[in-house]
Amino acid sequence: MFGQANVLAQGQAEFPPSVEDFYLPSILPWGAHDNYWFTKITLMVWLAVGVLILFFLLSYRNPKLVPTKKQWFAESIYGFVRNNIAVDMIGHAGVRFAPYFTTLFCFILLTNAFAIIPFFQISPNSHIAFPAFLAVISYVMFNWIGIRHHGFVKYFKNSLIPPAPWYILPLLIPIEFFSTFLVRPFSLAVRLFANMFAGHMLLLVFTLGGFAMISANAWLAPVSVLSWVMTIALTFLEFLVICLQAYVFTVLTASYVQGALAEEH
Amino acid sequence: MAGDQKPPSTGGPGDDPSGAGQGWTALSYLIGGMLVWGFIGWLVDQWLDLGGIATGIGVVLGMAGGIILVVRRLGTPT
Amino acid sequence: MSILAEVTGSTAAIGYGLAAIGPGIGVGLVFSAYIQSTARQPESSRMTLPYVWIGFAVIEALALLGIAFGFIWAGTAA
């Protein structure tokens, strides 16, 4: 039950890849099997945090009127999130939240991108813990914003009581509660997790499938080339999914913030 | 990226979520209504041992609630 | 009477397959009508969209009820 690289190094590809393949061996006590305090995944998350902090610090350290290449890049990411997500979804009040959205977008984009960067090749977001925690942060934030903007009672009244006659309200309030306060964080987390999990699984199936076929018999060996070509094609598809999921997560967070700030439904 | 395929929005800042957003809202209200009241019905079923009748009633009620919510939230011409 | 053919497993699956035909056609009709009317008269799109969601909700409810009842009474109707 090792990671992809180990399996290939040993020359024995276990063909149907399983969930076990997502649990990489430990790094700090090197190669330990049931020690999950510092694994490749942990390393990648800290690396992503470090890279993002360094990148934005360095590119904004002495901003120039005519931006350098690095500054231009950082500014265009921030500008994209600010104008195309924050202001588009929320309006002028959205500029306040643009830093959070930019952090969220960059972090998810980078951790997702580890899925296809050579030698990393697995995304931390393919473990439910990371998307779940990101979703919890967004969830707490939009509720907090809504409560601060409207006051506790009015916020819950706004989001739980739909415009309807009083006698059907008992029927509707549980549904509203379910779809506003339970489904939202769940679907945020699961959407990102499932996409990254399925993406990694798909690449594993085609890569390991190629190895399985090349060692099966002489007739199947040429087909393994097809399998690896598929892997390359799917890597490009993964790239698309990576960008799309980072964007979708940020846009949905923005739309929940917008819903929390909205006056009346 | 996917950002440039937004449908043009005609209204002001208090605009409805458009297109796919509305579709997801509608579908999630329907499924949500069914799940919530189906679950409550199922609890009643376990309690009184009715053999699925209460779950069925719960699902139909929840579906009705979901439809009302969709009509109220999305189906009112503005 | 001798048994000529026999179906094993859940007949609810077949039932749901049959039940999904109607809502499938119905949802298709709703959206095809919306697309046609929008193509003929683009400025009417915001006016007709609420009715699209009402129609969609009411029709989709049938399909979802089909799923729910398939599960609830999957085992009881032997």
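Count begins at 1; order follows the chain as displayed.
Glycine residues also receive a Cβ, built from the backbone N, Cα and C atoms like all the rest.
On the 0 to 100 pLDDT scale, the model's mean across the domain 'V-ATPase proteolipid subunit C-like' (C:12-72) is 90. TrEMBL lists C:12-72 with the feature domain 'V-ATPase proteolipid subunit C-like'.
Here TrEMBL flags C:12-35 (among others) as transmembrane segment.
Here the transmembrane segment (C:47-74) has Cβ contacts under 8 Å with residues 10, 12-13, 15-16, 19-20, 22-24, 26-27, 30-31, 34, 37-38 of the same chain, all six or more residues outside its ends. Sequence annotations record features per position, and here TrEMBL assigns transmembrane segment to C:47-74 (among others).
Feature annotation from TrEMBL assigns site 'Reversibly protonated during proton transport' to C:GLU60. According to DSSP, C:GLU60 (site 'Reversibly protonated during proton transport') is assigned to a helical segment.
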Study note, to complete from the structure: One finds that other Cβ atoms within 10 Å of the Cβ of C:GLU60 (site 'Reversibly protonated during proton transport') number exactly 22
Point to revise | the domain 'V-ATPase proteolipid subunit C-like' (C:12-72): DSSP-derived helix, strand, coil residue counts | key: 60 helix, 0 strand, 1 coil
